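Q: Input: one structure, supplied below.
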Amino acid sequence: MCSKRASQYHKVEIPPPQPFLKSLKNTLNEILFADDPFRKIRNESKTSKKIELGLRHVFPILEWARGYSLGYLKSDVISGITIASLAIPQGISYAQLANLPPILGLYSSLVPPLVYAIMGSSRDLAVGTVAVASLLTGAMLGKEVNAVQNPKLYLHLAFTATFFAGLMQTCLGLLRLGFVVEILSHAAIVGFMGGAATVVCLQQLKGLLGLIHFTHSTDIVSVLCSIFSQSHMWKWESGLLGCCFLIFLLTTKHISKKRPKLFWISAMSPLVSVIFGSLFMYFLHDHFHGIPYIGELKKGINPPSITHLVFTSPYVTLALKIGIITGVIALAEGIAVGRSFAMYKNYNIDGNKEMIAFGVMNILGSFSSCYLTTGNLPF
């Protein structure tokens, strides 16, 4: 009985050991080229078809634009208006966090989104300036160059750091390191977004209280010490106006949640706040001296800035260091937000395409008076 049962089993031989270099090559191929994006292109015999597939792989807009219909137009118009209404105050405030001219926040809301719309793989991600990268840029660059005493050099180094950040992000995508996206767990994404939201809220207290000098540190202790050490500098006018608009935004959001048909109220509330706030300061700023305001912004679209990039010593090393650090943070933030949307709506994003899209839009942005941009957190 035992011999009969034993005869039913087959002996499996241990595979012969492979040379180290061959084993390493196979392992790297499994990690970097698991999806093999060029498989479809290689299998095509026609050159024209190969070119078409290659362009569709590099520019995802050529893939989804074929199935686009007018039915999507209404939602896209509403989304565009909503994002634009948020981009105006957000871009201005984040540029100030980086100690850059406010107009740069608006410039950075034009070129990078256009590039990402062509090259990005996420259906829902909006790109623009972000708080964490802006804070890091201002803190690291401000240690070496004074934005008040030497504003031109400070501005040019910000463009150069953006260029290096984009170059690094593009290289990561070309090296097929998009598998990093799969390592990001849901808990890590939620924790990162919550921490970034806390940093943003704390830094906004500077404008809410009308403070001029404020810490660049992001920890709670430093922010609270900076606030309460300047309690004699608090301006009640600025706090009252800010709280009124905050209550207005929260109220419109609550109404839209209770009555989904009135979604447009919440969508238009940021733009309404900007318009009324501008009119209020234009007509009544002489009576409320405690409320700081930006003033007049430059007119026109993005001027070219490719000639302003600094590649001379010792500043090129500083720009490279800032670009790598802020680029990694911005990349992690953008991919985390994009993946959170993808998980919520049950579709996949290509991490390699995301890295390349972020990199190209920052490289082209540095040529057109933009500073570092990435996927925005949906606050």
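Any Cβ shown, glycine's included, is placed from N, Cα and C.
A TrEMBL annotation is a machine prediction, not a hand-curated record.
Okay, so TrEMBL annotates it like this:
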type: DOMAIN; residues: 73-376; note: domain 'SLC26A/SulP transporter'
type: TRANSMEM; residues: 125-142; note: transmembrane segment
type: TRANSMEM; residues: 154-177; note: transmembrane segment
type: TRANSMEM; residues: 183-202; note: transmembrane segment
type: TRANSMEM; residues: 236-255; note: transmembrane segment
type: TRANSMEM; residues: 262-284; note: transmembrane segment
type: TRANSMEM; residues: 315-336; note: transmembrane segment
type: TRANSMEM; residues: 356-374; note: transmembrane segment
Q: Which sequence-distant residues neighbour the transmembrane segment (356-374)? Criterion: at least 6 residues beyond either end, Cβ under 8 Å.
A: 95, 98, 100, 104, 107-108, 110-113, 115-116, 119-121, 127-130, 133-134, 137, 158-163, 165-174, 302-306, 309, 326-327, 330-331, 333-334
Q: Determine which recorded stretch among 236-255, 262-284, 315-336 has the most C-beta pairs below 8 angstroms with the transmembrane segment (154-177).
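A: Stretch with the highest Cβ contact count: 315-336.
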Q: Could you tell me the mean pLDDT over the domain 'SLC26A/SulP transporter' (73-376), as a whole number?
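A: Averaging the confidence scores along the domain 'SLC26A/SulP transporter' (73-376) gives 84.
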